[in-house]
């Protein structure tokens with residue numbers, strides 16, 4: 001299928017349009033199964049799922065994408081097509097659309113989305129081109145602006161939130177649940193806070209050990225989780241588990257062990273859940289002494305960050321627009337080349353056929369005469385195609401692919417278009 005902006009569409013939900021409950025409801029738990037279903041409907045499909053967005057990226061039209069998502073029982077999603085979809089993708093890679101403006105993690109997340117699509121054989125060449133261009137734009141924005149200068153990630157924003165609630169984290173005991181990329185970001189943000197102790201829990205104990213050694217913490221087995229919750233002032237949970245790992249009943253028991261000897265009330269526990277889907281079972285925030293925060297609560301951190309980087313975000317948006325214009329011109333130029341190549345391939349076949357007919361009618365002749373006739377046929381074909389080629393290129397480069405293809409069909413009576421479709 002031809003590379004053309006109109007064949008690019010994006011749909012989904014993000015922190016702009018949905019709260020944590022809606023994000024969780026929209027997620028696709030079985031990514032391979034989703035991609036397999038999408039493969040039957042589109043020339044290419046990718047799935048981008050992070051803690052604050054779920055987006056489906058396809059080579060196809062917006063109407064088909066809407067119908068497909070509705071068939072998957074999804075609703076309330078945004079839907080973009082063509083230029084606006086590409087602008088969204090580039091802005092996303094640039095960090096402009098992120099909850100934490102300028103954060104760098106989205107670059108890796110886009111690369112992972114493409115890698116997962118390639119593994120599932122759903123990443124078409126066109127989608128690969130678009131994602132790689134978006135990554136290029138994201139890197140360029142960070143190189144030419146200060147949008148990520150002093151930027152915080154979602155993980156470090158969670159640490160800032162906890163710090164704002166307690167006033168300081170110095171001397172505190174902190175438990176990090178999860179040792180993946182987000183867990184590493186959280187741990188790195190905590191490393192400079194002069195903690196008394198940092199604990200790291202993970203389903204795979206070996207990974208907890210590796211992260212704990214990196215940041216001078218203590219690795220914790222998951223069967224000891226609630227004991228260390230009892231010891232901690234703050235718990236930040238960021239696993240990739242498909243189900244809650246901190247349960248309401250067990251947490252309630254742990255909070256009883258935190259009670260002050262005289263007052264009988266538990267010591268307050270700051271519990272920050274930045275996982276998607278959520279790590280903390282619903283209702284845990286109602287337990288006496290528990291102050292539960294989720295992705296939704298990180299918006300206030302983003303507002304503070306954005307106010308100091310608004311000028312850089314504007315510069316980044318200008319960079320995105322310039323790169324978008326360049327990319328679309330390249331796509332249109334490629335589209336023009338495809339149309340012109342189809343026309344010239346058809347014309348060459350006609351030239352050779354008619355030349356051979358003429359030579360056959362003329363009968364025996366010397367090599368020089370045959371060469372003159374061949375040269376004549378080439379010159380005539382070139383002259384006939386000159387104006388047509390210019391018109392086709394003008395239409396395609398202006399984005400009017402339909403008009404360019406109509407010209408090719410009119411000149412070739414459909415033969416070139418048919419042969420080109422068979423090779424795409």
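Backbone N, Cα and C define each Cβ position, glycine as well.
The Cβ neighbour count for residue 51 (active site, nucleophile), using a 10 Å radius and every protein chain shown, is 24. Feature annotation from Swiss-Prot assigns active site, nucleophile to 51.
Sequence-distant contacts of residue 50 (substrate binding site), defined as residues of its own chain at least six apart whose C-beta falls under 8 angstroms from its C-beta, comprise 105, 106, 109, 276. The substrate binding site feature in Swiss-Prot is assigned to 50, 51, 52, 53, 98, 103, 104, 105, 109; the stated evidence is sequence analysis.
Following the DSSP three-state reduction, the secondary structure of residue 181 (NADP(+) binding site) is helix. All protein chains included, residue 181 (NADP(+) binding site) registers 16 other Cβ atoms within 10 Å of its own Cβ. What Swiss-Prot records for 178, 179, 180, 181, 182, 183 is NADP(+) binding site, and it gives sequence analysis as the kind of evidence.
Residues or ranges marked as site 'Important for activity' by Swiss-Prot on the basis of sequence analysis: 88. Around the Cβ of residue 88 (site 'Important for activity'), the same chain contributes 10, 80, 97, each under 8 angstroms and 6 or more positions distant in sequence.
For the pair residue 98 (substrate binding site) and residue 51 (active site, nucleophile), the C-alpha distance works out to 11 angstrom.
Annotated pair residue 179 (NADP(+) binding site) and residue 51 (active site, nucleophile), C-alpha to C-alpha distance, rounded: 15 Å. It is 12 Å from the Cα atom of residue 104 (substrate binding site) to that of residue 181 (NADP(+) binding site). A separation of roughly 12 Å, to the nearest angstrom, links the Cα atoms of residue 51 (active site, nucleophile) and residue 181 (NADP(+) binding site).
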